Amino acid sequence: MKKFFILFFLLSVSATAFSQYLVLEENIPHGWETNAPAVLSISNKHGKLGSQSVEWKWKPGTAITIDNPEGMKQALQNEEGGMTLWIYNETPLDAPLRFEFGNSSGVEYWFNFRLNYKGWRACWIRFDEDMNGNKTSKNLDYLKICAPENATEGTVYFDRMKFQKSVHRQRTPDAQLPFINPEINENHWAALWHWYSTYKYSLQKEQISNQTIDELKKIEQRLTKTAAGGNFSSTALDRAKAGFLALKIHRESGNITGPAFVYNDEYIKANNDLRMIDAGDLLLKLAKGWYFLKDAECRQMFIDLADHLKDQGWAVGSGLGTNHHYGYQFRKFAPAFLLMKDALADENRQTEYANILLYWCGVPELREEPEPGTLQGIIDSWNTMTMSRLMAISMQNDLEQRDLDYRAFKRWMEASIDYSPGTMGGIKPDGTCFHHGGLYPSYSAGGFTGIGDYIRLLKDTKYALDQDANRNLKQALSSMISYCANDEWGFGICGRHPLGGKLSNGVINVIGQLATCSDSEKETAFDKEMASAFLRLNSSQNKPAAQFQQAGIKAELAPAGFFAYNYGALGIHRRENWMVSLKGYSKYVWGSEIYTANNRFGRYQSYGTVQIMNAGNPVTLESNGFEEDGWDWNRYPGATVIHLPLDLLESPYPGTLMEKSEETFAGALSFEKMNGIFGVKLKEKDRPNFTPDFVARKSVFCFDSHIIYLGTGISNSNEKYPTETVLFQTALHKKKQSITGNNKLNLKGFPKEVFLDKNKANWFIDINNNGYYLPASQDVTIRKSTQHSKHNRTKEETVGDFAAAWINHGVSPRNASYEYAVWINSDTERMQEVAAKMKSDSEQIYSVLKKDNSAHIVADHTTGITGMVLFEAHSSDDSFLVMDNSLPCLIMYRQEPGTEVRLSLVNPDLNLPDNSYTSNRPAEKTEVLITLKGKWSLPVPSSKYKIEGYENNNTVIKFICSDGLPVELTLEQE
């Protein structure tokens, strides 16, 4: 019955497309022939698709010839076309099968497939990219599989075979096909064979001390406790056994059969395929059944499942066709085998499975001395492989080998936590953490959790991280704490996961674990800064919390200040419990991550957005109205956009889009770590449904609790859809939530819409108690309504009630502009005071001194700070203290009482020589010259700045800028 079902399934599928599997069941397929004395037959002994396969008993000089295999000619017409196949070999041989593809003129394509293994192995290969041969003709009509010449005989089995228009781009080189897809050896998922076969230890084994032996035993005890987790009940045991029995794994005459173990990309539910994630889950349950309950049947089931997986291709040197991102599916393998270590040793199988585990955990990567900046995918490695590598190393009985591997792992971890150059993954000099070539906290959170596992499990041993690594990790965690309102970050850095993200318990625990590391610089038992942050974020009374409290450490207040993270074109302004996030994008910083089925409408999330999170206790995305149902993807607060129908706003490409700009100017500057400014040159690219002449210059000035927004040069040629600058968009939790303001404004009803009188200055207070002040001559709409939108993944309709406001620049605007300011946590009395002062020449809270396409300059009279967003070189003039600038930059300064001035400057241009998504070419320094009115001197010398000279009694200062880091100094007037 099963044979009939599989045959029916394959026949029905193969009828729909040329690239589907060839039917290798019941009968030798038409067109397959071999020459004597070799024999072709259908066998029940092994199967990878269905229960049967084609068996070939070969002798030297024999071959299989397949006449016009289905799908081959079509696959040859595509550059990515090729063949996928699984081959079972009964006896390992130091000899290959040779595959030849040709026609009457001869062989055009060929490759060798090594037979140095026992069990199933994948053969995934592309014609043009991977095979040898003349490749002069694609009109081929046969495939010939030639037996090894230098062996006596053997038996192989073929199954799960098909020709495809596009063989997987991440096909994995392995012991059988080490030559395929060579560039992917730079991809950490696919580099297992490359590391295993080419990396040599640069460290040496050492005779270990009794202390080291004790530490190794302590580490193994910690790892085993972690692997075991909580107790394992008899009910859980019964479920585990039932899960194993459902697989129908069977041993007979030294042979083992069961479900096909394949990677996700070729999983077929109807074939009862077994995926890696499901296999790992069952392995761990069976291991716990033995570890906790000493159930002998469970013990044997584990061994049977492990042997079956090995036979199916989970082995040293195997790549499963592709194994991309396998770490996320593989997490439970290492803890399962560690719990079974003694049981495997009793069967004399421990070393065998330790070697497989070491291979699949990528431990051979640790052999060579790592170079910071060359390590691929380190966030994924921290996240998915740290624990597995620690456990795999501990599976080894040789303690000197364990010591060697742990020393190598420590070295690798410290190198990976060092600053990474360019757009490579890892920690940047400003504390941001990159993945997918950009600031990506969703991934960083998992990566930091893995580092936390390392810290916890290797604490108080010779393998603990050094102070430099701890310092860099602390900087990265502190940055994450700073850009999270309570424990959530905003939409500007959400990647493909709108409308924000949340610190995991794992990250919070890492903060606590790092806090337990002694601060050698301050000679304290704990890192008090990390400990106080942990006490604020941690919601449970656990052991670290008790330790910190006993030491007299108290929970910190929420961060306050301005934080510039220019590797993310991000500025963060904070006071009390509220946070404002400012986000842009540039030539080096992507604006959003859009996938085939993620964040389809996320184009605008970095178009100079300004996200205010101030409502709620605690402050959350939800309490501030950032909710997806009904969310208008055109109206990210602060953004200047062309308001498009969603079918035009959606990414024009079916796959990934991580948009960068042609502009290099996007970033933020902090002043005395408390206030700051932000600027971005907005320029849309030439893509379908984009408007390539859409440009704008945008700036934001953050002074204490008020934020000033300026925009100029807003232009585009889109005559059909209006251009807008979004003031806010907030989900309504109650329809009666009101928006009130001057000129008798009161939006209490629902739905309701008003247009502010553009002949007057206006102010209003939104539903989160933020007060908006808008000078006259601006076309402003405020609306409360039910909004209809689409889900970012499924594109299904969503509905929600929202309040929103925007400045309408009209269709195809030419040099449009805007100006407005927001007071956080305001009220009617405060906004009336603001409006009155802004009318007065002598009491204005701030003054816009310059607002054109070259510069936005604002003087804030409450703080005495002047902020300058200089979009172009030489965009300042002699009416300001800063008279000239040699490059675009951001500057803030304040005249101190007496003869001093405090000044901060940054060039937000990261100046990366290569802006691709994974480049290890570091940022190059830039020199910015500014001219200050009058003669000034530097009381404190620095390598980051110097007096270049004096011209006409004015002072020229040279700043050495790098990595988008602000440079701050004090000058004295002569």
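Counting begins at 1 with the first residue displayed.
Backbone N, Cα and C define each Cβ position, glycine as well.
Keep in mind that this is a model prediction, so the values were computed, not measured.
For reference, TrEMBL has these:
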| type | residues | note |
| --- | --- | --- |
| ACT_SITE | His325 | active site, proton acceptor |
| ACT_SITE | His436 | active site, proton acceptor |
| ACT_SITE | Tyr443 | active site, proton donor |
| BINDING | Asp159 | Ca(2+) binding site |
| DOMAIN | 25-179 | domain 'Lyase N-terminal' |
| DOMAIN | 206-542 | domain 'Lyase catalytic' |
| DOMAIN | 572-823 | domain 'Polysaccharide lyase family 8 central' |
| SIGNAL | 1-19 | signal peptide |
| SITE | Arg169 | site 'Important for catalytic activity against all substrates' |
| SITE | His324 | site 'Important for catalytic activity against dermatan sulfate substrate' |
| SITE | Arg496 | site 'Transition state stabilizer' |
| SITE | Glu593 | site 'Important for catalytic activity against all substrates' |
Let's check the environment of Arg496 (site 'Transition state stabilizer'): how many other CB atoms sit within 10 Å of its CB? 20
Within 10 angstroms of the C-beta of His324 (site 'Important for catalytic activity against dermatan sulfate substrate'), what count of other C-beta atoms is obtained when all protein chains are considered? 17
By a simple count of other Cβ atoms within 10 Å, which of Arg169, His325, His436, the recorded positions in the record, is least packed? Arg169
Across all chains shown, how many C-beta atoms besides its own are within 10 angstroms of the C-beta of Glu593 (site 'Important for catalytic activity against all substrates')? 23
Using C-alpha positions only, work out which of the recorded positions Asp159, Arg496, Glu593 is nearest to His436 (active site, proton acceptor). Glu593
Model confidence over the domain 'Lyase catalytic' (206-542), averaged pLDDT: 96
Same-chain residues at least 6 apart in sequence with Cβ under 8 Å of the Cβ of the residue listed as 'Ca(2+) binding site', in sequence order, are Leu24, His46, Gly47, Lys48, Leu49, Gly50, Gln52, Ser53, Val54, Leu85, Trp86, Tyr88
List the residues of the same chain that sit at least 6 positions away from the residue listed as 'active site, proton donor' in sequence and have their Cβ under 8 Å from its Cβ, in sequence order, or write 'none'. Ile379, Asp380, Asn383, His435, His436, Gly495
Neighbouring recorded positions, C-alpha within 10 angstroms of Glu593 (site 'Important for catalytic activity against all substrates') - of Arg169, His325, Arg496: Arg496
Here's one to test understanding: among the recorded positions His324, His325, Arg496, whose C-alpha is closest in space to the C-alpha of Arg169 (site 'Important for catalytic activity against all substrates')? His324
For the C-alpha pair, I'd like the distance in angstrom between His324 (site 'Important for catalytic activity against dermatan sulfate substrate') and Arg496 (site 'Transition state stabilizer'), rounded off. 19
